[in-house]
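Engineer: Sharing a structure below in structure tokens format, with a few things to ask.
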Amino acid sequence: MPAPADGPAPPQKRICVEPGSREGTPNLLQVALIAIIAIAFTVAYLGLYGLLDNVVWSQNGFVQANPWAVPAGVLLFSLLVGLCRRYLHAPDVIHGGFAESLKGGGERPDYRTFPGALLSSLFSLLSGASIGPEGTITVLIGYVSSYVRDRLGLGSAGAALGFDVAALASAFNGIVGNVLFTGVFATEFQVGGNRNAFRFLTWNLLAGTVGYLFYLLLGLPSFARSIPFEPIGGLHPGYILCAIALGILGSLLAVFAGVAMQAAGTVMDRVFGDAPVARVLAAGAVIACAGYFVPEVLFSGEAQLHGIIADPARLGVGMLLGAAVLKILLLALSFKSGYIGGPLFPIIFSSTLIGLALNLAFPGIPVGIFVLCIEAAALTLALGAPLTSILLVAVVGTADPHMVVLLVISAVTAMVISAAVKERPA
């Protein structure tokens with residue numbers, strides 16, 4: 001859980017369960033209970049956000065008829081985010097990276113900051129900042145899961161970790177909508193190489209199944225299969241070489257995002273320091289200006305992708321590449337300014353635009369190879385979770401078995417580059 005600004009002491013570090021310990025095994029009823037609570041909370045939260053988004057942006061005739069209202073709205077909601085940080089001690093992701101924004105499990109947050117976290121997360125998503133809803137879900141579910149396990153008397157470190165990651169496995173079905181992805185995400189990304197990972201995977205798959213069935217029964221949409229591409233039909237040596245090259249390109253995109261994060265953090269710290277309102281309001285001014293001239297880069301990018309994929313030639317190669325770079329810069333600025341959110345959708349947005357631009361330049365290669373291979377590599381390096389990244393891209397892009405092979409090649413390329421970067425002398 002990110003630390004709040006000017007507020008109560010930050011929560012303790014994430015808890016690691018000792019190898020061979022059985023502390024991290026909550027019982028079946030506890031897993032089912034938190035799975036239901038987590039997905040119900042996620043549905044309610046996303047429903048509230050969707051309602052507010054329709055009222056403020058999507059179905060607001062005044063905003064659509066008056067272009068100046070867009071930057072004005074961005075500034076207003078950015079101001080509200082800053083006020084939540086200043087007076088309600090809302091958490092943020094300023095001092096973390098992309099992976100940290102999606103980490104949860106084992107912490108006990110200060111419940112007094114929950115109202116600020118809830119309001120700031122909604123205002124962040126409504127502000128047009130380049131962030132995805134997955135980060136807000138991670139933060140809020142951390143409060144919910146911790147509160148429930150306190151009521152159940154689950155005080156051990158292992159039980160806390162197992163309980164919390166199961167909650168995330170269920171909750172993320174409200175965003176992605178795939179039980180296998182959410183189970184692997186909660187285990188690989190949240191637990192890592194812990195020797196108890198198999199036990200966690202069992203409960204995470206169970207919790208993910210509960211969350212998926214709950215969401216399915218309500219008939220609500222998710223991001224799964226939302227940007228499908230035609231099957232490539234077979235594997236050719238040229239496709240394999242493309243996957244390697246695109247793996248390098250996707251890795252460079254993730255490295256660029258990391259460098260942009262460091263630069264944005266340095267600039268914001270030097271200029272604004274511990275002034276949360278001024279910090280986020282200044283970022284809002286930059287986002288408002290960028291969104292006024294290039295509205296496609298506002299918000300997470302999920303809704304904007306469909307229109308761009310349908311007719312990428314409308315923007316052209318130069319505009320697609322420029323928007324992809326701008327999206328990453330705004331993502332870095334949003335993270336280091338105090339908005340609450342995640343990196344998945346903005347990275348997918350930028351990767352998709354670069355892939356579409358390459359397909360316009362080289363139309364002989366299937367567009368799905370360009371887009372999905374870049375996505376897999378960029379997410380793998382940014383998150384350090386190759387299985388999670390491959391599954392996410394395969395689920396969202398409806399990859400066929402041949403495409404999955406190319407995704408693995410791109411992800412492995414990114415892993416090799418990541419290892420080389422980490423081993424480089426300081």
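The backbone N, Cα and C atoms fix where each Cβ goes, glycine too.
Predicted automatically and left uncurated, TrEMBL annotations should be read as such.
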Engineer: Given 50-73, 74-97, 122-145, which one carries TrEMBL's transmembrane segment label?
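Structural biologist: The range carrying the transmembrane segment annotation in TrEMBL is 122-145.
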Engineer: Excluding the flanking five residues on each side, which residues at least 6 beyond the ends of the transmembrane segment (271-293) place their CB within less than 8 Å of a CB in that stretch?
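Structural biologist: For the transmembrane segment (271-293), the sequence-distant neighbours (Cβ-Cβ under 8 Å, at least 6 residues beyond its ends) are 5-6, 67-68, 70-72, 74-75, 77-79, 81-83, 85-86, 92, 127-130, 326, 330, 333-334, 336-339.
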Engineer: At a threshold of under 8 Å on Cβ distances, which of 122-145, 165-186, 198-218, 368-396 pairs most often with the transmembrane segment (238-259)?
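Structural biologist: Maximum Cβ contact count belongs to 368-396.
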Engineer: Are the transmembrane segment (122-145) and the transmembrane segment (313-332) near each other by the rule of at least 3 C-beta pairs under 8 angstroms (pairs 6 or more apart)?
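Structural biologist: Since 3 or more Cβ pairs under 8 Å link them, the transmembrane segment (313-332) and the transmembrane segment (122-145) do come into contact.
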